[in-house]
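For reference, TrEMBL has these:
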type: TRANSMEM; residues: A:19-39; note: transmembrane segment
type: TRANSMEM; residues: A:72-93; note: transmembrane segment
type: TRANSMEM; residues: A:102-120; note: transmembrane segment
type: TRANSMEM; residues: A:126-144; note: transmembrane segment
type: TRANSMEM; residues: A:156-176; note: transmembrane segment
type: TRANSMEM; residues: A:196-217; note: transmembrane segment
type: TRANSMEM; residues: A:287-305; note: transmembrane segment
type: TRANSMEM; residues: A:311-332; note: transmembrane segment
Amino acid sequence: MIATLATPGRHRRLAHRRIVMLALAGMLAGLFALTLMLGQSLTPPGDVLRVLAGQDVPGASFTVGQLRLPRAVIATLAGMCLGLGGAAFQVMLRNPLASPDIIGVSAGASAAAVFAIVFLSVSGASLSIIAIAAGLGVAALIYLLSFRDGVSGARLILVGIGISAMINSFIAYALVRAPGWSLQEALRWLGGSVNAVRIEQAGPLLAALVLFGGLVLSRSRDLETLRMGDDMAAALGVRVGAVRLSVMMGAVGMIAVATSVTGPIAFVAFLAGPIALRIIGPHGSVLIPAALTGAILVLGGDYVGQFLLPARYPVGVVTGALGAPFLIWLIIRANRTGGSL
Amino acid sequence: MTINHRLQVQDLTAGYGDRTIIKGLGIDLLPGRISAIVGANACGKSTLLRVMARLLRPRGGQVALDGAAIHGMPTRALARVLGLLPQSPIAPEGITVADLVGRGRHPHHGLMSRWGPADDHAVATALEATRITDLADRTVDELSGGQRQRAWIAMALAQDTDLLLLDEPTTYLDVAHQIELLDLLCDLNARRGTTIVMVLHDLNLAARYADQLIALRAGRVHAQDSPDAVLTEATIAQVFGLSARVMRDPVSGRPMMLPIGRHRLAAE
């Protein structure tokens, strides 16, 4: 008798959560199918499937196989990395402003890439490795600078915003000094885009998602408990410091790898968590819904930028236009209520 | 019946940054009883509780659970024996009462184990014991202060620990809710044999509800004994620098103190 008292509400919410997750996944799948079928021209679903199965379909093999598929795959994977990494940071530090793209992790990655292009004439895979290393390095620097008997969210955000400003001034300097021939390549690293991506680039993204994403998701229950404050979480058996460190490593790894492939796609890491939270509601972990939301944002944003606007824009411009007003709204709201993710 | 664990503080030194707040402090908590820690502001009450809950690492000495230092124990195992209700815990936005109480089950789960009937049962029992079963599906933000505090206590009950530390659990509650909360803790102590250790500001309530009073003064134990032995005019003068009269509380038979200020004194 007693045992059933608390359960109906809980099971109802779990069922609701499952439906919403399925709806998000369905939306992502639909969007993915749409981007494969409909671009400048319409490819019938049958042709798309045949291309995916590896058959040679005149015309469709190129547009779908070479142009649309790599783009959609990279956009989906990068979006998942950004959404999951961003939401993990926000939940861990109980602050939506604590997203890695606000505190300068992605800026660090792109600044290193710009520096390497302009001053060292690096290109190709080594450029990606430099960008990833710089992303991790900046995150470590922020962590160390904000460390004092543990890391508090507010200190980390402020240090991150300061570092971010320094990095941006450095980027501006590098661009002023850049010779014309490298400027084009450097600019590609400053606005996120999935133009001209190759399917091979899915490899590192997938590896990051499995490795770093797995690390973050394995801490999902600890992260949920951390939302009740560090003290309460510790009293409930969470090793706060260890969880923080591993979640931070996983999230930064995903963001840095994604940035090394697509450049910094503005605000996706920052937006995915709060949007997912509003869709899924406050029960249970927001991490997987945030990964799906991130993928939808990048895939949808890229589609809008390509086909629904008067000119063609890279996805970063679209998500940037979406994110900036949200950032302002969030700051105003946080001032009023002290609201949190 | 649960086996009572013994919590001891041995020659403890602790502090923050450059400041040492607790110096060479030792207490032996009565297993299965209620202890109240009292003392003036900034005497180290909360710091002591934080070290006892392992939120703060001691500089010297140790807190021992059944003879072993808690700072060397696995976090999750400790959290199945020792619970804490901090002074102002944070309820995640929009969380329901049942889910909040369910969070108390965290230390009972490993990486792979799933929510089971035992968890449902623990949550239902905790809701019932705190008489908030009707509120289970409400969000914590909707609750009144007294109800919210009961929800937090219910979470601690669902954690099902043998020892429970509470940092000023009656703050922000009106007098009726303070009594209700302390009664609830007494029930818990009587029914489950839970050892309760709480920091309390109100000396009279501490003397009424605790079996053992621990009076701190400047980071050291000034006195630890029964309320009758600790709540004396001399101790109040030494610990709080306040003159007071101590009388027998006609309601509980425990000692009760009446502070003497500079004004509003009846003519002799």
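Quick reminder: no glycine exception, Cβ is built from N, Cα and C everywhere.
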Stretch contact, the transmembrane segment (A:287-305) with the transmembrane segment (A:72-93), Cβ-Cβ under 8 Å, 3+ pairs: yes
Same-chain residues near the transmembrane segment (A:102-120), Cβ under 8 Å, at least 6 residues beyond its ends: 126-127, 130-135, 137-139, 142, 156-157, 159-161, 163-164, 167-168, 170-171, 174-175, 177-179, 182, 185-186, 189-190, 252, 255-256, 259-260, 263-264, 269-270, 327
Tertiary contacts of the transmembrane segment (A:19-39) (same chain, 6+ residues out, Cβ under 8 Å): 45, 48, 63-64, 67-69, 71-72, 75-76, 276, 279-281, 288-289, 292-293, 295-296, 299-300, 302-303, 306-307
Close approaches to the transmembrane segment (A:72-93) from elsewhere in its chain (Cβ under 8 angstroms; 6 or more beyond its ends): 28, 32, 35-36, 99-101, 153, 156-157, 194, 197, 199, 201-202, 205-206, 208-209, 212-213, 216-217, 223-224, 226-227, 243-244, 247-248, 250-255, 257-258, 261-262, 265, 268-274, 276, 286-288, 290-299, 302, 315, 341
Folded-back contacts onto the transmembrane segment (A:126-144), same chain, C-beta under 8 angstroms, at least six residues removed: 100, 103-113, 116-117, 151, 156, 159-160, 163, 167, 189, 204, 248, 252-253, 255-257, 259-261
